[in-house]
């Protein structure tokens with residue numbers, strides 16, 4: 001029931017019985033779209049009976065329908081059928097709506113279901129001059145496991161999805177909202193396939209755990225055909241590709257059936273019974289996958305018995321059996337251009353088989369778990385696969401190499417659908433996610449060309465800045481182009497040109513925190529090499545002079561960079577210190593050898609010691625001069641007394657005189 005209370009005296013004014021468990025009540029504001037919607041329904045009842053209370057409200061509950069009420073005249077509007085997807089395993093208390101609210105600005109009524117769906121209802125005018133309540137948008141909050149999916153529509157603008165419920169959900173790819181739901185199976189839908197007829201009609205076939213096959217018309221959104229006869233769950237279905245007048249189903253009862261829908265009628269009120277044209281016991285275990293050849297002449301089946309079989313249609317005569325997998329086969333598909341079949345197995349491999357002789361032509365290895373789906377891309381030149389490891393892999397058929405791996409799922413990927421008209425495919429799995437994949441080859445190629453062209457222009461700009469000695473601009477461009485070698489050359493040039501330090505300061509001032517961190521990473525690499533460490537230390541000196549340490553410490557991740565700089569910097573400092581101390585010994589040795597003159601600055605510092613040494617030096621010079629004079633007098637006396645000596649003695653006296661002359665010259669030079 002719904003009770004109306006008076007807040008002034010807290011008395012119950014009115015009780016309206018709804019005859020269902022009410023989960024939400026929404027008051028309809030006067031002048032809103034829903035108030036106008038009720039005006040057409042409210043006129044006749046108001047004429048019969050009028051009261052002072054003019055209160056309208058909406059109720060939703062376990063029945064899953066929207067009802068609108070007037071406090072004077074009971075129920076004014078009630079939905080004919082529920083839009084809630086009801087699961088047969090759900091309790092009665094968990095069915096229907098759990099909450100509802102009227103959105104502002106006349107955006108509609110938003111209802112929440114027990115299975116986490118959001119239903120948005122809006123009002124529209126109909127030719128009978130009455131307004132109707134329609135479901136304008138359905139947002140699915142949770143899909144549980146996604147078992148299968150296929151593209152739908154002439155332009156493949158829809159996606160049909162089979163999940164762990166009895167209904168098939170059809171999504172609009174432009175908004176990713178659920179456009180409509182196909183309800184009819186009594187158990188979970190395991191597989192589906194789509195087909196566009198030449199007449200323009202689009203059909204959907206589904207296989208379920210209820211052992212039946214159902215055929216749906218996407219335009220009327222109703223079931224047009226039912227096929228019964230399987231003794232187990234139907235796990236695989238496939239439409240014919242060329243004739244489009246039959247479908248094939250495979251079941252856990254180990255059989256495959258060919259169903260004909262030639263007599264399909266558009267005006268039939270009840271779904272027609274599909275007739276089985278052929279039946280065969282194909283495998284010894286459950287059939288997991290089916291594929292029909294592009295010319296409708298063959299059908300291939302993959303089973304848990306580790307084999308794949310090719311059958312001739314329409315009589316289902318065995319053609320060839322593929323043996324070689326070590327685990328069950330989860331997926332099979334014909335090549336669009338060659339007479340080969342691709343199979344994906346639980347043994348983590350993908351194999352290509354020849355239909356003519358049944359031989360294995362190539363094996364693709366790379367998945368770390370079971371490969372659940374595999375399909376051809378780009379007219380048979382590539383293969384896309386997905387598996388229980390949550391990875392999507394792209395393979396090249398010619399080389400057998402995996403050229404790309406994508407990790408966008410967190411669990412097993414059960415479903416894979418490839419667009420026939422567009423190079424787009426969709427994946428879905430146990431993580432309840434549906435991912436759409438687009439071919440980005442042309443876009444990436446164009447982007448790479450654009451980046452290459454931009455890099456050439458920026459490179460020329462860098463060279464021009466270097467020629468103009470504009471080091472500020474050159475360093476900025478080198479940073480943008482991520483060229484550490486060119487950056488090192490610029491800093492090395494600045495080291496040799498001290499007048500360019502102002503430009504370096506300007507360039508370092510303009511660096512942001514991320515660029516400073518990048519520069520310090522470059523410096524850390526340069527600092528590890530003795531030939532480059534001088535430039536690295538020069539950059540560090542300039543950087544710490546411009547930016548305070550408190551600012552540098554705040555940079556994210558800078559501690560690891562500084563830890564790599566400190567050990568090598570200490571090692572370089574010790575090496576330079578030893579070198580400087582070694583030069584002192586060299587200076588002392590050269591000074592002692594009179595090769596270089598003493599340093600004038602040192603002479604000024606040691607003035608007193610130098611004065612004392614000069615005094616002693618002058619005294620020594622005087623003593624040496626006196627001794628030389630005495631020797632000269634003695635030599636002259638000896639020469640005069642020995643004039644009458646022989647010629648031999650004269651020669652010896654001349655030698656003595658020459659020695660004396662040399663001694664005098666040495667004394668004079670020393671005194672000078």
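Quick reminder: no glycine exception, Cβ is built from N, Cα and C everywhere.
TrEMBL lists 628-639 (among others) with the feature compositional bias 'Basic and acidic residues'.
Sequence annotations record features per position, and here TrEMBL assigns compositional bias 'Basic and acidic residues' to 649-661 (among others).
The feature compositional bias 'Polar residues' is assigned by TrEMBL to 662-672.
The domain 'U3 small nucleolar RNA-associated protein 13 C-terminal' feature in TrEMBL is assigned to 460-593.
According to TrEMBL, the feature region 'Disordered' maps to 628-672.
The list of residues near the repeat 'WD' (182-217) in space but at least 6 beyond its ends in sequence, with Cβ under 8 angstroms from a Cβ of it, reads 85, 88, 147-154, 160, 162-168, 170, 223-228, 230-240, 244, 247, 249, 251, 259, 261, 264, 266, 271, 274. Residues or ranges marked as repeat 'WD' in TrEMBL: 182-217 (among others).
When averaged over the repeat 'WD' (227-262), pLDDT in the model lands at 93. What TrEMBL lists as repeat 'WD' is 227-262 (among others).
Annotated repeat 'WD' per TrEMBL: 280-313 (among others), in sequence order.
Beyond the repeat 'WD' (322-363), the same-chain residues lying 6 or more positions past its ends with a Cβ under 8 Å from any Cβ of the stretch are 285, 288-294, 298, 300-310, 369-376, 379-380, 383, 385, 387, 395, 397, 400, 416. Marked as repeat 'WD' by TrEMBL: 322-363 (among others).
The repeat 'WD' annotation in TrEMBL covers 364-405 (among others).
Taken from TrEMBL, the feature repeat 'WD' applies to 406-447 (among others).
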With DSSP as the reference, give the number of residues of the repeat 'WD' (322-363) in helix, strand and coil.
0 helix, 24 strand, 18 coil
